[in-house]
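Q: The structure that follows is given in the form of structure tokens.
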Amino acid sequence: MIGLKPGVGALFSKWYRLIVMFSVSIMSMLTDILDRPPIRHKLPQYNTFEDAVELFRTRKRILILTGAGVSVSCGIPDFRSKDGIYARLHVDFPDLPDPTAMFDIRYFIQNPFPFYDFASEIFPGQFEPSISHKFIRQLEVNNQLLRNYTQNIDTLEKQAKIEKVVECHGSFSKATCLKCSSKFDGDVIKDDVMAKRVARCPNCKDGVIKPDIVFFGEELGKNFHTQMAIDKDELDLLVVIGSSLKVRPVSLIPFSVDHNVPQILINREPLSGYSADIELLGNCDEIIEDICIALGGPFVDMLEAHRRFSVFQYRAGKSAPYNVFQTPN
């Protein structure tokens, strides 16, 4: 074996480390570039609230993408705000390696106890749909809704009677044993969830039952990809409501449709890397209420019915939404 001259080995090692560091830097840059969503250029003819109202009035194949922001007023916290689920998990479950581990399939398989200790706070059946859900349902009644793609797992879309819905990240409505793959209705785990104990399979007697929520590390269902492949060529308006557009592949929907299709963002804050044609920023429900009033007709009727129901809920001892005593003007 031929040896290296004195000093050459050290020099070679130094250069080797530099090459490795350079390669890692290049790979990191490439990964960062590939992770960025495609660039979408704003359509200049759409800008104002009035433009948004006119689009809602005239478009017939509206695709709506909803995130946690449409359910916050229902009593379900969002995930990423300073008071959201992840912030609370960081405090309430300090042993979690990261707050997102609560919804990581690898961590759940290893230790399902934290999830079942927490799940009662977001389990369906405790909440009522918001005005945002009912607005989407009214669009469907008017034959204007192409599809509602929801990132939420609370099943409030079904409770609002929205039929054209794709639950992108699954829901609590179904559950599966991780050991024997037995399928169950979500109600099978309700008592365990409310008692904060891990649900065990009644068939194999040993397996842990997991709700059919898409955890980090799991693939989205085939229905999402199949339906989106059809809908992306059919829509004539895309609306994002209450989503941070952080989780792929759902976050790529706005970048997957024809660039001439107008897009509206209704959200608490603007989103980095996403240029909607119209941005309506603030409380989602308040903005939707303003849109309903501007549209008039059945939208105002629906809004008034929602407010009457909210007053009833308040008088029955449940929390009142922020604006139940406000009337359309």
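Including glycine, each Cβ sits where the backbone N, Cα and C put it.
Automatic, uncurated: that is what TrEMBL annotation is.
On a predicted model such as this, the values are computed, not experimentally measured, just so you know.
Marked as domain 'Deacetylase sirtuin-type' by TrEMBL: 42-306. The coiled coil annotation in TrEMBL covers 139-166. Marked as active site, proton acceptor by TrEMBL: His169. TrEMBL lists Cys177, Cys180, Cys201, Cys204 with the feature Zn(2+) binding site.
So where do these features actually land, and what's packed around them?
A: As a whole-number mean, the pLDDT of the coiled coil (139-166) in this prediction is 96.
His169 (active site, proton acceptor) has a Cβ environment of 19 other Cβ atoms inside 10 Å. DSSP assigns His169 (active site, proton acceptor) to coil in the three-state reduction, outside any helix or strand.
Of all the Cβ atoms in the protein chains shown, 20 others lie within 10 Å of the Cβ of Cys201 (Zn(2+) binding site).
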Q: Given the binding-site residues Cys177, Cys180, Cys204, and counting only Cβ atoms in the protein chains shown, which has the most within 10 Å of its Cβ?
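A: Checking each of Cys177, Cys180, Cys204, the winner is Cys177.
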Q: Round to the nearest Å and give the CA-to-CA distance linking Cys201 (Zn(2+) binding site) with His169 (active site, proton acceptor).
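A: Here the two Cα atoms lie 23 Å apart.
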Q: Tell me the Cα distance separating His169 (active site, proton acceptor) from Cys204 (Zn(2+) binding site), rounded to the nearest angstrom.
A: 27
Q: For Cys180 (Zn(2+) binding site), which of the three DSSP-derived states applies: helix, strand, or coil?
A: coil
